[in-house]
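Below is one structure, written out as structure tokens; comments come after it.
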């Protein structure tokens, strides 16, 4: 039994060394082996380091410890490393730092070599290149140190390429492009802030109302919206929200705002009796409960008898404090009928294009996936698309078009271009925010190309706050669902008799 016990002990010791020596992040707690503090077991059963703020351009190698990729630095690897400032310098002559990398170029008369050094070249000296040159099949060609630069008309100097104008940038839909010399970078749109959420950096709405950075009047209420905010004057005030002034009627007639009249106001309400002369012309007809009254054809003079002294004595106040009822000096009261006047809808055309449109688009966070940016064949403009290579069957992506106050005044015509390319790629639907049933649905487009659709959006009671474009993945692979050129026009679409929703 002794040899067997010795062999078993050696095997158990070796087994513990394997567990604790080959797997990082494993600690012993008594007889148990668990992940150390700052480590968490993944789906493969291995202990994985946890970084609270993530590693944007690197990997997490320990508790809140990032190993940055080449060209990046910082605690979360979110800062660019200026290689041109390192010692020794990576370039022999001149160095240009780029985001995540760098470029070397040489002085006139030298040629850039693959290792970053500069070799003397009499031919390059004659070419007078701004950033060096290279020899290709016996010909001298000037070089530009960055992909964001191109040779000018003289074929010697380099000029900047504005990626923000040409559309060659890769900024997401909710970020704006900022051009730099030789490159560009993406920053959040106005009203958004860059934050680390769910393991990635994203632009989230900045609540100007909560942060007290709005410019609303002290007599207005601040209402936060996606990427912006609105100002609305409080009750008893009027204006555009940024400037509010008191309504004069609220000072003259306090009963409008729920106040009470003072004794002085009650005295001022009763005017002195004045005889009204009869009209000289025939009065215009008035509608009284469906009957038309045009007045008597003969003028009748009203006589006001003189008041006797006895009536004056009767009208004197009784010293006992009895209550007296006085008839109105204007005669019996007449019922006033309210006439409903429908306001005239303002005519407008709102361009909601994704490139330079004036509308507000929001990705729904409660759906399964997001719409992504795709470029047309020309490369100058882009549209929103759902790729048939992403997601699973029946996954839904929702893109919301927030309606402005002007669009909510009445019905409007919704015009948009769409295409559904690929076999069983999915379905595109149009829904209103306050209705679960789609107002339009399509699973294929004619000849696999772009088509234009016109929909009249109307409602009976409450106006919708947004129009939702919903794309649902089908069982097919490949293809895409595309959306572009969205336009809102006041009034119905031509002779369309679409019912209200």
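Cβ atoms here come from the backbone N, Cα and C positions, even for glycine.
Annotations in TrEMBL come from automatic prediction, not curation.
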Which listed span TrEMBL calls region 'Disordered', if the choices are 295-322, 323-350, 351-378: 295-322
Long-range Cβ neighbours of the domain 'EGF-like' (80-119) (under 8 Å; 6 or more residues past either end): 57, 68-73, 125, 128-135, 143, 145-146, 182-183, 185
Non-local residues, at least 6 beyond the ends, that sit with Cβ under 8 Å of the domain 'EGF-like' (160-198): 53-54, 76, 96, 98-99, 145-146, 148-150, 204-206, 208, 226-229, 354, 361, 363, 371, 373, 375, 379-382, 384
Secondary structure content of the domain 'EGF-like' (160-198), with strand meaning DSSP E or B: 4 helix, 20 strand, 15 coil
